[in-house]
């Protein structure tokens, strides 16, 4: 921790040094797109009981969402509290006059607002999509803090807060530029002295105790020359157990994020009173049990009741869900969403579900590699009321527990009001396409993406069998008959005991699975029946296919933004997946996909990607068919070595070969457009009714929504966040010695 005067000098020097060398990827642009998610009509149609249910689920989600600050970086919670204190004392409009007095220009103050909005929207100072750090695009942050009303009211507290975060606020040391493990980046899932070998060793221990890593963090120390690991489980209860394992000691400690987990449980308990049926009540009871004692098994049980809750008007899911941001790929980030069903769009998805059993046999792997029985899931279009976490996706396939998905089922959701605003494109900002493709792309991107999301979630993530031998030696396949379609030999590997897809494929699991699901979407969108379900016939259907494939190859090029050459690592699972698909289609040859570098109209480096629509159904389909089969075979058979060799080979970004992808990456960064941020509403109880409060789609609106999010206990929440960060600080700084 630096003293305030030292911190000021550090920030000024750091900013001056950084501005000379940093490119735009570490700043959020002042004109970044910020849109409000419209949910008023959806909420208006809810009954009073449904509104209460949605309200308390939203409260649980928002409290839990604060956990992401702790999961993201050592400084995120400190910056969050600093901003909350400033904006709670003065709204963004009021603080503008203070900024002027502190010497900030209008552009600098806007940069401050955009940075604050970005911190709130990403629940930390690393982008949720790409895991790159972003820093304030202004040197006068400290001057604004010192002039603020919050500082004048509590100068000592604000000085201390500034001291906690001022160094890391601007730091762009190589390791701090992105999330990662060991030398590759920062991860708050692990102490600063942990490396990949520690993550693998801890996974081995967890597997031996039949413990899931989903709701854990790992902290390492050394006592008398012996490695000691602390596995922290998220729960409101606090207790600890010790275990000798090989040459090390493991402590399993419950009670991580205890204050926030208790808040989650309190609101889930209140939501129970307004549940629509027994499945919802039992679901919430199991979630409460999970979050109280740290049991992933209880969360899995809650997920089973969630699957059984067919066609609810208010849909929700909550817990440690996606493992994208764990560098090892096993730990889940907290996420909670509450949404209302869009009945018209859901009817189309229901048709797709009904057709699934006809469509699944079309996939390019033998019948033995498909699930024994397709468990028809719910597939609904939802308008989001609340999505708490680091970002908002367009669609979701959950739960992520493979043993449940394989034998009991899952649900798919498409987030309609997110799609409506997230993928709107302006022609003048549309990069890397030929002019004659741009109007077509703008017209059909939304409809084609809707088809892709539907196929990706339902038949992508919902397809394919894992071959398993359980603890009792029982197989879920005939090991004397099932053959590898690539070699013709009997399969020789499978999942054993407590092994899972995530634990086996670890660091590549998320991206590999996203790639498989994207390939399923590309492959099956060629099916006329699928296109008809979504209302596309004749020439319109062909345009949807063309733009869907064109969007994929363009996304593969855009994916280069999310590759870090220094560590040779990818920071975003979906974009790595799309780059891999681009490589596969380029390799197919015969002029299917073209990619050339050129000079843009502005004189700067540019690139153009093209797709020959006449070869999609021949060259393109064959290429995806072959690649998709390989992906599934490696996944089904737990063939980690073969799967890694295939996937990492196509993921490689080099200057060799036909295309200099390292050079193209520089062009992509030069012309990249910032990802949109979303402003979400708040709900409050007034008397016996729930009131919805919406905010304008701007940085100021996003900030105000967070200022008003915790009206009753903001100070307690902030104090607890600081306490949690303080408890972790020595572990995060073990390597650096700070």
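For all residues, glycine too, the Cβ spot is worked out from N, Cα and C.
Feature annotations, reproduced from TrEMBL:
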BINDING   456, 461, 514  Zn(2+) binding site
ACT_SITE  457  active site
Checklist entry - Around residue 456 (Zn(2+) binding site), how many other CB atoms lie within 10 A of its CB? => result 28
Checklist outcome for this item: Rounded Cα distance, in Å, between residue 457 (active site) and residue 514 (Zn(2+) binding site) is 10
Checklist outcome for this item: Same-chain shell around Zn(2+) excluding 456, 461, 514, C-beta within 8 angstroms of the CB centroid, reads 397, 457, 460, 513, 516, 517, 518, 520, 521
Next on the checklist: Using a 10 Å radius around each Cβ and all protein chains in view, which of these recorded positions has the most neighbours: 457, 514?
Outcome noted: 457
Checklist outcome for this item: Neighbouring CB atoms within 10 angstroms of the CB of residue 461 (Zn(2+) binding site), all protein chains considered, total 21
